[in-house]
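Record features (Swiss-Prot):
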- ASP57: 4-aspartylphosphate (MOD_RES)
- 187-416: domain 'Sigma-54 factor interaction' (DOMAIN)
- 215-222, 278-287: ATP binding site (BINDING)
- 479-498: DNA-binding region (DNA_BIND)
Amino acid sequence: MSFSVDMLANIAIELQRGIGHQDRFQRLITTLRQVLECDASALLRYDSRQFIPLAIDGLAKDVLGRRFALEGHPRLEAIARAGDVVRFPADSELPDPYDGLIPGQESLKVHACVGLPLFAGQNLIGALTLDGMQPDQFDVFSDEELRLIAALAAGALSNALLIEQLESQNMLPGDAAPFEALKETQMIGLSPGMTQLKKEIEIVAASDLNVLISGETGTGKELVAKAIHEASPRAVNPLVYLNCAALPESVAESELFGHVKGAFTGAISNRSGKFEMADNGTLFLDEIGELSLALQAKLLRVLQYGDIQRVGDDRSLRVDVRVLAATNRDLREEVLAGRFRADLFHRLSVFPLSVPPLRERGDDVILLAGYFCEQCRLRLGLSRVVLSSGARNLLQHYSFPGNVRELEHAIHRAVVLARATRSGDEVILEAQHFAFPEVTLPPPEAAAVPIVKQNLREATEAFQRETIRQAQAQNHHNWAASARMLETDVANLHRLAKRLGLKD
């Protein structure tokens, strides 16, 4: 196959047509996969020696949550270093990062792989990866043709990232600084609640307002505070953390405001408090609802007047500190109960943010699971850690009262258990590796299969036919929707349906 001028023109038009939309990256990767007829493709952004998936097609959903560090993925490192088209032979000894991550083909290793590094000028900004199950799948394309695709994709990615940068900074095109890849935060999630939270973070980060971050335990409030600080004008100065719940009353005031030598028994020298440490930066007060009323009054004075007094000192010190506070309590209820000052609540909650619990974030649980799987893979030196379909189903139906923190611990424990029961450096997480209490999975809508004399192949094909028919009926005969429901690739589903006689 060779690309005609019309085909290349159509690709360019399609890539640029969606560039201002939220689904810009998915449109790009879907178009390229259709043209190149590959089993799986991914668009990756390069940042700090790791590749971050922006869009995938034909790969398991948890890939979007993974962060591919170059030192743990020799193929991706080769792509980053090459500066040109990279073709990996079918018998390459370098492990493919997507082995076990193509739905419906978990037991098979990727055979054909092409990597296209994407550049903006001399800067590496990303990569396009193309994978196939047939060893010679990409032999029909010349390197020159693939370079053209890479150039088109690089231009589209560069423009899209620049637009995203301008949107996040609320800048006009004429005010734009030279293109820089956006900083990666570990706030992983594409659910509506997380998308809205990220937008609100972008809005408030550019200001100097105090922010109250509320959310259940384990939802990631500290990550929100970090994201606000890193996107703010104060990012070059310190972000200082203090857990108010861990402060004994006897030392809480000293921790916040510091003390002078001799202020109390054990004060053998002058000591700066957290407010002084955070001067010109940001102070994150976690579990703010645990502060005593006496300390709340002193904190209020700092927010009102911008000065502090060290314990044992009559002099005031001016500080310029932005305060971010977090709580898992309902502070309005605490105010009504007399346990939290109303005036302090209003000072802190100038711009309130609410972090959604994991049970309300839909498929984000799978993205986060992928992120933690990749962390475990690197930490334990494994070649791959993947989720079985049963494990994904279990994770999606568990309520996670401990939220993201509970998911992280569950993945780490499951990897250790799975590794202990399997030799080698490949780990597949099954449902039985998770110890969740009282998880009720929806009953499968199994078809009534008559008991007849069939061999195993015939029985398997009969089951596959009925499963595909049910999926098609439930999805109004939409093949793409049926493929998503069955967690398989739409191209593979088409091929299977043809083999089973379900379509021409």
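Yeah, the Cβs are placed from backbone N, Cα and C, and that goes for glycine too.
Structure with Swiss-Prot features highlighted.
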residue: ASP57; record: 4-aspartylphosphate; contacts (Cβ under 8 Å, 6+ apart): GLN26, ILE29, THR30, ARG33, ALA40, SER41, ALA42
residue: GLY215; record: ATP binding site; contacts (Cβ under 8 Å, 6+ apart): LYS221, ALA326, ASN328, SER354, VAL355, PRO356, PRO357
residue: GLY218; record: ATP binding site; contacts (Cβ under 8 Å, 6+ apart): LEU358, GLY402, ASN403, VAL404, ARG405, GLU406
residue: ASP279; record: ATP binding site; contacts (Cβ under 8 Å, 6+ apart): ASN237, VAL319, ASP320, VAL321
residue: THR282; record: ATP binding site; contacts (Cβ under 8 Å, 6+ apart): ALA225, ILE228, HIS229, SER232, ARG234, ASN237, PRO238, LEU239, VAL240, VAL321, ARG322, VAL323, LEU324
residue: LEU285; record: ATP binding site; contacts (Cβ under 8 Å, 6+ apart): LEU242, CYS244, LEU291, VAL323, LEU324, ALA325, ALA326
What mean pLDDT score does the DNA-binding region (479-498) have in the model?
81
Residues in the DNA-binding region (479-498) grouped by DSSP into helix, strand and remaining coil:
16 helix, 0 strand, 4 coil
DSSP on GLY218 (ATP binding site), three-state: which is it?
coil
Once the DSSP letters are reduced so that anything not helix or strand counts as coil, what is ASP57 (4-aspartylphosphate)?
strand
